[in-house]
Amino acid sequence: MIIRMFQLRLLNAVAPAYFFSATAVTFIFHFCFFIPTIFQSPGISLRASTVIHTAVFLYLMLNALGNYVMTIKYPAESANETVIPACSADCSDKIDAHYLLNGRHFCKLCKKVILRRDHHCFFTGNCIGNKNMRYFIMFCIYTSCTCLYSLVLGVAFLTVEYNISFENPLTFLTLLPLSTGYFFLGVISGLQFFLVLMLYVWLGIGLVCAGFCCQQVLLVARGQTYCQMKRGQLVESCSSWKDNLSDVFGSHWAVGLFLPVQTVETFSGEVAAHHHKHD
C-alpha cells in the first residue's frame, strides 16, 4: 500500500506538469506554425480566416484554462469538518479514500473530507465533488474541443507544409509507425516527428475527455457519483434529472456553458451535508 500511495502522489505531481506542458506546446504550434502556414497570403498582412481561427482557438483554450482554475478555486471539501470520523464498516475504498457517511469521503491525497466525492482528478490535483463538478465537466468539454481542433489544424499543416495526403483513411493509422521509422533513418526532421506525436496526443486526450464528460453528465443526471457507481451502489434520486443537473450546474447554467464564471452556489454542499447529518 505504501508503494501504491507513493505512485498516486507522484502522479498527482506529474499530471498537472504534463497538462501545462501540453498546453504550452499547443500554443506554440498554433501561433508559430499552424496559423502562419495554413492561412498565409502574400501581400496581405491579416486575413479574416486568420482572425477567425485565432479567435476560435483562444476562446476554446481560455475556457479550458478558466474552468481548470475554477475547479481548483472551488474545492469540494468540507470546511466545517476538522475531525476525521472512523471509516465506515462497508468501505471499499482501501487505497486513495475512505467512505465515511452521507456521501462524504476522506481523501488520503487531499487529506480532507470531501462532500459528495466523485473521484480524485490528478490533472487538477484535487477531488471532484459537489462544488466543482460543473467546472470539471466544462473543463473536459473545452479540453476535448481544443484538442480535436488542434488535431484538424495539425493535419492541415502537414498537408500544406509536407504534401501529405489524408484522403486515404489508412494514412492516419500508418502515420505514426512510418514517421518513427523515417525519423530514426534521418528522412524527416525532429519537428515533423514531434508534430505527428502531438497529433496522436490531441486525438487521445480529445476522445478520452469527451467520453469521460458524457459519463459524468449521465451520472449527474441520475443523481449518482462515480464513487457510488464503483462500489455498485444504485442510487434512486428523488429529484428529476433536470433538478439533478440544475443542482450541479447552478441556476445560471447557460452562462457557464460559454464563460468560465461561477454559477454554482458554494454553500449548497454544506447545507446539504448539514441536512444529511440530521436525517
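Keep in mind that glycine also has a Cβ here, set from the backbone N, Cα and C atoms.
Curation plays no part in TrEMBL annotations; they are all automatic predictions.
Now, the feature entries from TrEMBL:
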type: DOMAIN; residues: 104-229; note: domain 'Palmitoyltransferase DHHC'
type: TRANSMEM; residues: 17-39; note: transmembrane segment
type: TRANSMEM; residues: 51-70; note: transmembrane segment
type: TRANSMEM; residues: 135-158; note: transmembrane segment
type: TRANSMEM; residues: 170-194; note: transmembrane segment
type: TRANSMEM; residues: 200-221; note: transmembrane segment
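Below 8 angstroms of C-beta separation, residues 22, 26, 118, 133, 136-137, 140-141, 143-148, 150-151, 154, 176, 229, 241, 244-245, 248 of the same chain, each at least six residues beyond the ends of the transmembrane segment (200-221), sit close to that stretch. Within the model, the domain 'Palmitoyltransferase DHHC' (104-229) carries an average pLDDT of 91. In terms of DSSP secondary structure, the domain 'Palmitoyltransferase DHHC' (104-229) contains 82 helix, 14 strand, 30 coil. Beyond the ends of the transmembrane segment (51-70), by six or more residues, the same chain brings 19, 23, 26-27, 30-31, 35, 38-39, 123-124, 132, 135-136, 138-139, 142-143, 145-146, 149-150, 153, 258-260, 262 to within a C-beta distance below 8 angstroms of the stretch.
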